[in-house]
Amino acid sequence: MVAMDNVLLFVPDGLDRKKSLSMSHLPVPAQDRNFLCVPGASSLQELQEITDLSRKSYESLRRIESNTSITVPENFSFSTLAIQVYKMRWAVLLLSLAAVALTYMQWIQYSIVANIIMRYYRVSSLLVDWTSMVFMVTYTLLVIPVSFFMDIKRPRQAAVMGSVLLALGSWIKVFSLDREMFLVSFLGQTVVAIAQVFIVSLPNRLATTWFSPEEASKVCGLGVFGAQLGTSLGFFLTPWLVQNDDKIENIHQDLEIMYISDAGLSTMISVFTVAVFQSQPEKPPSHIQAIQRSVRATIRVSGNPSGALQRDFVILAIAYGMNVGVFNSMLTLLNQIVLNYFPDSEKDAGYIGVAIIVTGLVGSVVFGFVMDTWHEYRKTAVWVYGITALTVLVFSLSLESKSKKLLYVASILMGFFMSGLQTIGYELAAELTYPEPDGPVAGIMNISTHIFGILFTITISRIHDTMGDLAGNMAFTVLLVIGALIIAQIKSELKRHSAYKEVASAAAELAQLEKQIVQEKAPFLIFKIDEH
């Protein structure tokens, strides 16, 4: 309550004195517990108008805080927010996608020519399978400390670390050409797997620091695109470079070309990353980024230690992990699966892998646009999951029919929907857990995929050996049907999408209110607080 002469002025209970009635970017007198300063008011009527504006400012600030968990200090000016989206964002994204693609290309390059690697290095099929599964194990063990590193450091440091490790692992494999040096080659593969932990989440982080909210889903889709592009290159180029020749010397030459090519490309990516990669542009691309950059944001920790632990997200992590786990397991075992039905068809196995991945590239981008346009995350996820299970069933039956044409058609459909679901899963996770940080959420999702990938690869490989090829292939379909039933239990809320709209609206209102108050040139009124 404020007193002037014999007039009492009631101040709304919910208003903070400094934040709501005194715009501290103006040169107002210092305040203490006994005085209340009101800028730009020369009469009680103007005082009432400014009080109304202040109440609106307070309500807009509360909308930002409730939607972002960011407490905006009273000295922050919304009227001077500078939002800009730079063309340079595409170059930075392209560089990160190239690194992602090269790590995924090396992930699959041993497994897709497993029979040749077994013959050259004289190792078992299980050891060859582990050249792929080491990526899953490494990610599971390192994703939490690496996510912590990326949260306290900027994306540039993570990109440099990942690209340097990628080049180092690739060069280690160059020195493993001797037939007795498989363990050295496995060491190089492990270093590349460690690099992937730093690199794989870069597109998602760039989506918030470089791109507008309207482009976020597209960028996440392009992140999946980069991974699938690398995998498709591994499927296509490896059987073309490394051929099953009767002479071991020729296989040695093929492996040498492949290893040196990987090392050269990874070194080039590392040099460009160190030279040009930037964590963020000069001006932020969104209102939320502007607030986070311009103020020392205070992140409130809710009673629940992480929104990522809520029921819907746990369901999503399990269902998503099963889908990608089946996908990774099928790609790891693809050479063995195809050769069981079509002997001496290593190139066909590679081409089928390319068909799966290339159509997956299209699917990841298409569903990114679908999410940005309609925002129907849960419904789309359920339908796509169910269709994916159906396409895997067709894939299994086409193997039994021994028709390569039908097998290619089934592979195209399977890749489109199975990879598309990965984009939907990431976006649905971001919506369910907002405003939790993206790093831990994506980490939990990927841990789930790798755990299921290891489990499914070992189990289904065993089923193939003991119960036959049909039983092993049908197991993939059964797992996806179970996953579709699980994901249907989600009751989603579009938290992130709604928050972006609310924050943009509130920031615009605050900017307008500040301009109205600043335009007033009248002197300040200082009221003494009536202690009684």
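A Cβ is built for glycine as well, from the same backbone N, Cα and C atoms used for every other residue.
According to TrEMBL, the feature domain 'Major facilitator superfamily (MFS) profile' maps to 91-495. As annotated by TrEMBL, transmembrane segment applies to 90-110, 130-150, 182-207, 219-237, 257-277, 313-337, 349-370, 382-399, 405-429, 441-464, 470-488.
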Beyond the flanks of the transmembrane segment (90-110) by 6 or more, those residues with Cβ under 8 Å of it: 117, 128, 131-132, 135, 159, 162-163, 166, 169-170, 189, 192-193, 195-196, 199-200, 202-203, 206, 210-211, 219, 222-223, 225-231, 233-235, 237-238, 258, 262, 265-266, 269, 272-273, 276-278, 331-332, 353
Long-range Cβ neighbours of the transmembrane segment (313-337) (under 8 Å; 6 or more residues past either end): 108, 111-115, 125, 129, 132-133, 136, 231, 235, 307, 346, 349, 352-353, 356, 385, 388, 392, 399, 418-419, 421-422, 425, 428-429, 432-433, 441, 444-445, 447-453, 455-457, 460-461, 464, 469, 472-473, 476, 479-480, 482-484, 486-487, 489-490
Residue numbers, six or more beyond the limits of the transmembrane segment (405-429), whose CB comes under 8 Å of its CB atoms: 204, 216-217, 220-221, 223-224, 228, 313, 316-317, 319-320, 323-324, 326-327, 351-352, 355-368, 371, 377-378, 380-381, 384-385, 387-388, 391-392, 394-395, 397-399, 441-442, 445, 490, 492
Same-chain residue ranges lying at least 6 outside the transmembrane segment (349-370) that approach it to Cβ under 8 Å: 108, 112-113, 217-222, 224-225, 228-229, 231-232, 234-236, 238-240, 331, 334-335, 337-339, 376, 380, 384, 407-408, 411-424, 427
Tertiary contacts of the transmembrane segment (182-207), as residues 6+ beyond its ends and Cβ separation under 8 Å: 89, 92-93, 96-97, 99-100, 103-104, 106-107, 110, 121, 123, 127, 130-131, 134-135, 137-139, 142-143, 146-147, 150, 155, 158-159, 161-166, 168-173, 175-176, 215-216, 219-220, 222-223, 226-227, 426, 438-439, 442-443, 446
Non-local residues, at least 6 beyond the ends, that sit with Cβ under 8 Å of the transmembrane segment (382-399): 319, 323, 326, 330, 337-338, 341, 367, 406-407, 409-411, 413-414, 417-418, 420-421, 424, 469-470, 473-474, 476-477, 480-481, 483-484, 487-488
